[in-house]
Amino acid sequence: MLLGVNIDHVATVRNARGSIYPSPLEAALLAETHGADLITMHLREDRRHIHDADVFAVKNAISTRLNLEMALTPEMLDNALAVQPADVCIVPEKRQEITTEGGLDVLSQQDKVAEYTLKLTAAGIRVSLFVDADKQQIQACREVGAPVIELHTGAYADSTDKEQRQQQLARIEEAAHQASEMGIIVNAGHGLNIHNVTPIAKILAIHELNIGHALIAQAIFIGLPQAIEQMKTTIFRARSIPY
Ligand SMILES: CC(=O)[C@@H](O)[C@H](O)COP(=O)(O)O
Ligand SMILES: NCC(=O)COP(=O)(O)O
């Protein structure tokens, strides 16, 4: 199982003071040295954390691969075509949200998603769709020709009730199997931390996890290398592989 380290919230701290540190680029390079299999960054339309220059700087300096998260807009399509990341993950955005609240509604905008998927694919960029663990949405992902999906694990991560969490987990597991049987590569992420990642990491149909907020938060106390190492150990243990 691969670990994508999302460095958005390094930029959140930097932007809080309008300073030049902490540097998302430095975080990306450090993350790679300490076990990140890829770097994920979300260039939000409002640029609240990652800025355009960060994306170019990281893309040009890393030796793994960049997974660029972006909204389904013409501006973001142009950005992605200019940056040429290995992967683009198309996510929904709402202006007032604190974080990405749900998955992309592929079902209601299949033509548009298919058009973006085609353009990005033609440019050599692999497309992933950030969706909820929902049967119809996954079927729609197949219909638009997406080679990869990322299942939104936020509802699972946020459940405080044990039964609800089990239900969310079961939905994720079912969706992962459904997509994987269709030949779609399945990733997952959002709200994962060392306390809740194990049941998700045990789902063998899931290929990659993208984790950001919890890693950057933990890095404040134990450092980024140690936070990544701790996460990788937890994930590998869940898969019964030593790390
Ligand atoms: C799409 C997604 O899940 C990530 O981008 C992540 O949530 C970090 O960005 P925000 O915290 O700005 O949503
Ligand atoms: N796509 C999910 C992601 O990149 C990281 O989400 P989070 O761990 O910051 O909630």
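Keep in mind that glycine also has a Cβ here, set from the backbone N, Cα and C atoms.
Feature annotations, courtesy of TrEMBL:
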{"type": "ACT_SITE", "residues": "HIS42", "note": "active site, proton acceptor"}
{"type": "ACT_SITE", "residues": "GLU69", "note": "active site, proton acceptor"}
{"type": "ACT_SITE", "residues": "HIS190", "note": "active site, proton donor"}
{"type": "BINDING", "residues": "ASN6, ARG17, GLY191, GLY212, HIS213", "note": "3-amino-2-oxopropyl phosphate binding site"}
{"type": "BINDING", "residues": "ASP8, HIS9, ARG44, HIS49, THR99", "note": "1-deoxy-D-xylulose 5-phosphate binding site"}
{"type": "SITE", "residues": "GLU150", "note": "site 'Transition state stabilizer'"}
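A map of TrEMBL features onto the structure.
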{"residue": "ASN6", "record": "3-amino-2-oxopropyl phosphate binding site", "contacts (Cβ under 8 Å, 6+ apart)": "ILE39, THR40, MET41, HIS42, GLY189, ASN210, ILE211, GLY212, HIS213, LEU215"}
{"residue": "ASP8", "record": "1-deoxy-D-xylulose 5-phosphate binding site", "contacts (Cβ under 8 Å, 6+ apart)": "PRO24, THR40, MET41, HIS42, HIS49, ILE50, GLY212, HIS213"}
{"residue": "HIS9", "record": "1-deoxy-D-xylulose 5-phosphate binding site", "contacts (Cβ under 8 Å, 6+ apart)": "HIS49, GLY212, HIS213, ILE216, ALA217"}
{"residue": "ARG17", "record": "3-amino-2-oxopropyl phosphate binding site", "contacts (Cβ under 8 Å, 6+ apart)": "none"}
{"residue": "ARG44", "record": "1-deoxy-D-xylulose 5-phosphate binding site", "contacts (Cβ under 8 Å, 6+ apart)": "ILE50, ALA71, GLU93"}
{"residue": "GLU150", "record": "site 'Transition state stabilizer'", "contacts (Cβ under 8 Å, 6+ apart)": "CYS89, SER128, LEU129, PHE130, VAL131, VAL186, ASN187, ALA188, GLY189, ASN210"}
{"residue": "HIS190", "record": "active site, proton donor", "contacts (Cβ under 8 Å, 6+ apart)": "THR99, THR100, HIS152, THR153, GLY154, ALA157, ASN210"}
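Local packing around the Cβ, expressed as the count of other Cβ atoms within 10 angstroms, is greatest for HIS42 among the recorded positions HIS42, HIS49, HIS213. Each of ASN6, ALA11, THR12, HIS42, ARG48, ILE50, GLY212, HIS213 belongs to the same chain as ASP8, HIS9, ARG44, HIS49, THR99, is absent from that list, and has a C-beta within 8 angstroms of the C-beta centroid marking the 1-deoxy-D-xylulose 5-phosphate site. Residues near GLY191 (3-amino-2-oxopropyl phosphate binding site) in space but far in sequence (CB under 8 A, at least 6 apart, same chain), listed by position: THR153, GLY154, TYR156, ALA157, ASP158, HIS213, ALA214.
In the three-state DSSP classification, ASP8 (1-deoxy-D-xylulose 5-phosphate binding site) falls within a helix.
Reduced to three states, the DSSP call for GLU150 (site 'Transition state stabilizer') is strand. Our reading of the 1-deoxy-D-xylulose 5-phosphate binding annotation (ASP8, HIS9, ARG44, HIS49, THR99) yields a largest Cα to Cα distance of 12 angstrom. In the three-state DSSP scheme, HIS190 (active site, proton donor) is classed as coil.
Residues ASN6, ARG17, GLY191, GLY212, HIS213, recorded as binding 3-amino-2-oxopropyl phosphate, reach a greatest CA to CA spacing of 25 Å. Proximity of the recorded positions (ASN6, ARG17, HIS49, HIS190, GLY191, GLY212) to ligand 2: a Cβ under 6 Å from the molecule is found for ASN6, HIS190, GLY191, GLY212. Here the recorded positions are GLU69, THR99, GLY212, and the one whose Cβ sees the fewest other Cβ atoms within 10 Å is THR99. Proximity to ligand 1 (Cβ under 6 Å from any of its atoms) holds for these recorded positions out of HIS9, ARG17, GLU69, GLU150, GLY191: GLU69.
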